[in-house]
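Colleague: Here you go, one structure.
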There are 2 protein chains.
Amino acid sequence: MSADARRYFDLPSPFAMKRGGALTGARLAYETWGRLDADRANAILILTGLSPSAHAAANDEDPSPGWWEDMLGPGKYIDTDRWFVICVNTLGSCKGSTGPASIDPASGSPYRLDFPALTLEDAASAAFALVRGLGIDRLACLLGNSMGGMTALAYLVRHPGSVHSHISISTAPQAQPFAIAIRSLQREAIRLDPNWNEGSYDEERYPEAGMSIARKLGVITYRSAMEWVGRFARIRLESDQREDEPFGVEFQIESYLAGHARRFVRSFDPNCYLYLSRASDWFDLAEYGGSVREGLARIAVERALVIGVETDILFPLTQQQEIADGLQAAGAEVELVALDSPQGHDAFLVDIPRFGAAIAAFLGRM
Amino acid sequence: MSADARRYFDLPSPFAMKRGGALTGARLAYETWGRLDADRANAILILTGLSPSAHAAANDEDPSPGWWEDMLGPGKYIDTDRWFVICVNTLGSCKGSTGPASIDPASGSPYRLDFPALTLEDAASAAFALVRGLGIDRLACLLGNSMGGMTALAYLVRHPGSVHSHISISTAPQAQPFAIAIRSLQREAIRLDPNWNEGSYDEERYPEAGMSIARKLGVITYRSAMEWVGRFARIRLESDQREDEPFGVEFQIESYLAGHARRFVRSFDPNCYLYLSRASDWFDLAEYGGSVREGLARIAVERALVIGVETDILFPLTQQQEIADGLQAAGAEVELVALDSPQGHDAFLVDIPRFGAAIAAFLGRM
């Protein structure tokens, strides 16, 4: 049995969902690093992208590297000698928190498509309940990246006064049509896989092909053309590595994508993917007051750091600018950092030195 | 029976293919506009993208609008009162020219995957044979866009002296990894469709789902995020227009993609798509001399117009710059036009006023 640092927080039951329905006996998985001060004022909450677990970095109970290993830990950019860091597995995921792959207590079987419609506001409410459950009235910092950045905006707009400062990374105040198009196509690839079977798959009949296409399309849009020119160019696989089938893989870039897909396909539940993907499309801060600007105006933080990447085609820099401008207009002291990292949307997972420097400088001034 | 302006040119038989094999009794479909001068010096050849037919514009035999209707005709940007214009359906296509959907004379059945491996050099050789067959020693202008632009580069590098001037539109001197990744994923979507059946589908069992995903992914990468923000934003479909199924379409952008897919899926042969898509990945001008620069150095045209679009993510402006620089270094008088059209790669089909003005000005100086 592998090490496991997850703790579980029981959500209020029933837990009402924004679009109707409620969850009974739902819970969140989370991990923590560092120690909460006596005055409970040194907590940082991290909200993740669509697929990561709560295991952002190694800790005592689970020394395996986390998805943000180089960012987070004693003496690192987010210094857990100073900060008490919480990372939560989003509601609707399959990494310990309740989601479509969890058992529905009403039936004794997995929810599958009986899971109620999920929104990022629900994920934010659940995260807020966890923070309160840990006895924290006000977060020192709420940090969200990608989908987690949207969840963070939902958290902030619905719980004014609950956060001192905010770090927003490569995210959006509302889903734009290009991102919706990509995600819609990812969902379609899964839904069209006969093995998806309206959500009723199992280990034997599993929508592997659909998940593979969805993941590859994700990776294509998470990185950048510029990075790949330098990294893969037109390098071909050795002939013994090529697939022996018509139109099989031939270039390194194709096997790179295949590797990503292979690692993902069985490690993330397809129905959870569909629910979280759609929740991202639905998210729109303009629901709060009629426009994104007005939604941001309802967010009250003292300071904010907004980081974006020029090569990000999924969450373009213009949207980071929109967030920064809106938070500033709302009275926050805002710093916008536009990085020219070649790694596109994924840069926050890869270009740790630059993201880390910006984050450490921001936290250092607190 | 609908009007048909196609003429057919019988290729030399056998027609040897670059990667091996040969075609017997192959032919090209083409259409023409205007009249060839007595000295045969006013011919313009248009090489198309992956899917268009030879019907670029209305003509006497077929008055229906073509795919470049507003560009081409009497008094238009490419003025057929002056120029004799030929548009060829690429070898390997299914719009009249010989391709994988054609009958293999050896078996009496469609070639399907028995069609020999296709390269853009083969398409170029076939087009060259047609031009010679029409009695034209030297083209006044060779114009290629998208895949047709790559085919044009193959034509030029293999037939030096056969073209006076060149118009290169939104294309590439070699396929880059981002474009390869997109096309590989499109091919995978088709191949994974059980109805593809290793190329042996029919009208009843047809890889509709795979073709739909491939086309939608195409449309996503042919346009630009910027255009869609203005055009679709987050507009939702009326509830009676929505699909009554889990995760069905909800946003206008999704139904726009669905409409594109619907119109394409049954009108283009899946095996032809696979062959032409792979041919695009294979194309690499660096095969001629060891580098793209050296390949371009072997091209001898007097003048060239290179047009690209800033929002094109599939054939980025950097590649148009590379073509322009290389042709200039080879001695041509080169004009690079970088347009900020919001329509991305498809701009040459949509932003006719700007593309047309550049083309008309270039042709006007001849």
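Placed from the backbone N, Cα and C atoms, the Cβ positions cover glycine too.
Bear in mind that the values here come from a model prediction, so they are computed numbers and not experimental data.
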Colleague: Please find, within the list B:49-52, B:157-160, B:269-272, the residue stretch that TrEMBL describes as region 'Important for substrate specificity'.
Modeller: B:49-52
Colleague: What three-state secondary structure does DSSP assign to B:Ser146 (active site, nucleophile)?
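Modeller: Looking at the DSSP assignment, B:Ser146 (active site, nucleophile) belongs to neither helix nor strand, so coil.
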Colleague: If you measure C-alpha to C-alpha, which of B:Ser146, B:Arg183, B:Asp312 (recorded positions) come within 10 angstroms of B:Asp346 (substrate binding site)?
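Modeller: Cα within 10 Å of B:Asp346 (substrate binding site): B:Ser146, B:Asp312.
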Colleague: In the structure shown, which of the recorded positions B:Asp312, B:Asp346 has the fewest Cβ neighbours within 10 Å?
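Modeller: Ranked by other Cβ atoms within 10 Å, the recorded positions B:Asp312, B:Asp346 bottom out at B:Asp346.
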Colleague: Between B:His345 (active site) and B:Arg183 (site 'Important for acyl-CoA specificity'), how many Å separate their Cα atoms?
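Modeller: Here the two Cα atoms lie 14 Å apart.
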Colleague: By CA distance, which of the recorded positions (B:Ser146, B:Arg215, B:Asp312) lies nearest to B:Arg183 (site 'Important for acyl-CoA specificity')?
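Modeller: Minimum Cα distance from B:Arg183 (site 'Important for acyl-CoA specificity') across B:Ser146, B:Arg215, B:Asp312 lands on B:Arg215.
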Colleague: I'd like the Cβ neighbour count for B:Arg215 (substrate binding site), meaning other Cβ atoms within 10 Å of its Cβ, all protein chains included.
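Modeller: I get 24 for this one.
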